[in-house]
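Participant: Structure provided below as structure tokens; questions to follow.
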Amino acid sequence: MSTGTLRIALVGNPNCGKTALFNQLTGGRQKVANYAGVTVERKEGRFTAPSGRVLQILDLPGTYSFDATSPDEQITRNVLEGNYPGEAAPDLIVCVADATNLRLHLRFVLEVKRLGRPVVLALNMMDTARRRGIEIDVDELQRRLGMPVVETVAVKRGGARALIERVDGEVPVAASALPDDAVSRAGLHAQVRTLLDATVRMPRATSALDDALDRWALHPVFGLLILAVVMFLVFQAVYSFGKPMSDAIGDGFDWIGAHLSIWLPAGPLQGLLKDGICTGLGTVLGFLPEILVLFFFILTLEESGYLPRAAFLLDRMMLSVGLTGRSFIPLLSSFACAIPGIMGTRSIQDPRDRLTTILVAPLMTCSARLPVYALLIGAFIPMHRVWGIFNLQGLVLFALYLAGILGAMLVGWVIKHMRKDRSEHALLMELPSYRVPQPRDVVIGLWERGAIFLKRLTGVILALTVIMWFISTFPSPPAGAAGPAIDYSIAGYLGRGLQYVFAPLGFNWQISLSLIPAFAARETAVAALATVYAVGGDAAAGGLAHALTTNFSLASALSLLVWFAFAPQCMSTLAVIRRETNSWRNVAISFSYMFAVAYAASLITYQVARLFL
Amino acid sequence: MRLSELPKGASAVVERVEDTHDNDPIAQRLRDLGFVEGERVRLVARGPIGADPLLVQIGYTRFALRRSEAARVSVQQEQA
């Protein structure tokens, strides 16, 4: 036992500081994956103890009990018992408990003890406990629990030393396993009370600072005001830090593309590298800075304990449209881009609520729709003043944003009434103590999100971009052809075929065709339209606007705007839905419902607009 | 009375958690979180819309419960 690898499983209640402890122990040496078939994260790390023994640490999801109502809890229990396929039973369980919240956390410690496996209890956040005047008789607690107890401060350098020394020593003797049934479980609280009476002195049930902050943060008026300010600042940051970096990456790839066309002879290879791979990578990597900036704030808010407060304030509103308070942040992120929004749904534990959030997130007006909106609104909507103060163009843009929000509410409401499972899903959310976010935990979290995005998505998106390039390039136009090359390609034929589908919406074949590349990335619709209308040069945008106004009607333009508000785009979003839900079925549902909604909305818009305009 | 009827700032002692149907997972979860007989609770805050959800302090922990969840807990209000 003293040689070889020691497998340690880290368990504990949510908010016990378990992940911070895991980060402290393993640093950046972590592997993040998913348990097969579910979206529960599996985090593993390793480090070498002073004795030279390698310790392999598994960070299990935070759970309140082994009642196993959620997939996280089932997995945690199965792994600890050694019943999870492909996962060896841990040699040692380290149970982490927040020293300031022992009444809740000790109950879970007792549940873990009943499994009959070797356990060490880590009393975490001992520094905060001391500051708050909480006294814990560790020796007595150790004696009564019958397991080794060590003190840790996960957020301080060297704060896990006692734990490392303990797990590096002899594996403690396990208590005998006890049967798990409702009756004995009901007795656990009584045991906790006895333990607390004998070992813990608590001058005050809560932290005075938390009480003071919550009086403001949860105030019916000021609370909402604070939330609005926080969100406003986050969005400002995304646009003022993330957007320029994204644009720079896009420009960088354009530059590489431009040089490729100088170095390489014109032909399919140049086309593939320049229009396929370069453009594709540029699109994918262009998302990265905005995603990282957004996640920086989400992680910071999460670490600080503010996120559950935001969920508390908005839960009622979200519930009425089939969502939960926890859906708010992911949906808000989707206004920048649906990808971080969908990735952010990981903070929603309930699988049903999470799926609903993922399905409606793409309806939020993301920043990639803006170039299309800007082009069409600029070309078709006059600069009228409405009631003296409003600008008609601005009103149309606002209406499109509103359409996305109302659409999401409607879809959420429909999903709520359509699903077979009508059972009540709980909020039951703990509002943890406020904490100063630790740079290390934020950096590790960011690194993980970034890696997931790049590793898992780049392949899919790149493949799709190359396919898109292929169908818009081949077959090449015959010699002496007059029209643009895309006209003769597979995409050209598809566009003309799609025209029959889209004619009732007022789309001509050029628009139908531009919808194909728009599926890769919305903003490319503008470039595609420019190509098919064969306008080029520096005045492309102005020229294009002119070409559009002469080629199609206001009714068509309105219909196209509505289409972009709801249509199933872009494929990166669909790829991230696949990745986050592990199911092509959800991708299909998402694609088809958005197609149906977009089609119906555009059809109504076009037909009604034609009557009046 | 029900926990959902407790006035803001008031304290009470839990009597029991009632299942709304057989094997009610929410009731079970409430019991796991410490809503058991004899435990003191306090209503700390209420949500801005429809006074929902409720923020309940139990032991050293604060939980946000929707009214329908809190209605499962019967309590005896303490006189301040």
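Glycine is treated like the rest: Cβ placed from N, Cα and C.
The annotation domain 'FeoB-type G' is assigned in TrEMBL to A:5-173. Per TrEMBL, transmembrane segment is recorded for A:216-235, A:277-299, A:319-343, A:355-383, A:395-415, A:457-477, A:554-577, A:589-609.
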Participant: Which residues of the same chain, at least 6 past either end of the transmembrane segment (A:216-235), have a Cβ under 8 Å from a Cβ in it?
Facilitator: 294, 297, 301, 306, 309-310, 312-314, 332, 335-336
Participant: For the transmembrane segment (A:554-577), what are the same-chain contacts with Cβ under 8 Å, counting residues 6+ beyond its ends?
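Facilitator: Distant contacts of the transmembrane segment (A:554-577): 283-284, 287, 338-339, 342-343, 358, 362-363, 365, 368-369, 372-373, 376-377, 379-380, 396, 400, 403-404, 407, 457, 460-461, 464, 505-508, 511, 515, 518-522, 525, 548, 586-587, 590-592, 594-595, 597-598, 601-603, 605-606, 609-610, 613.
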Participant: Count, for each of A:319-343, A:355-383, A:589-609, the Cβ pairs lying under 8 Å from the transmembrane segment (A:395-415), and report the range with the highest count.
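Facilitator: Stretch with the highest Cβ contact count: A:355-383.
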Participant: Looking only at the domain 'FeoB-type G' (A:5-173), what is the mean pLDDT?
Facilitator: 89
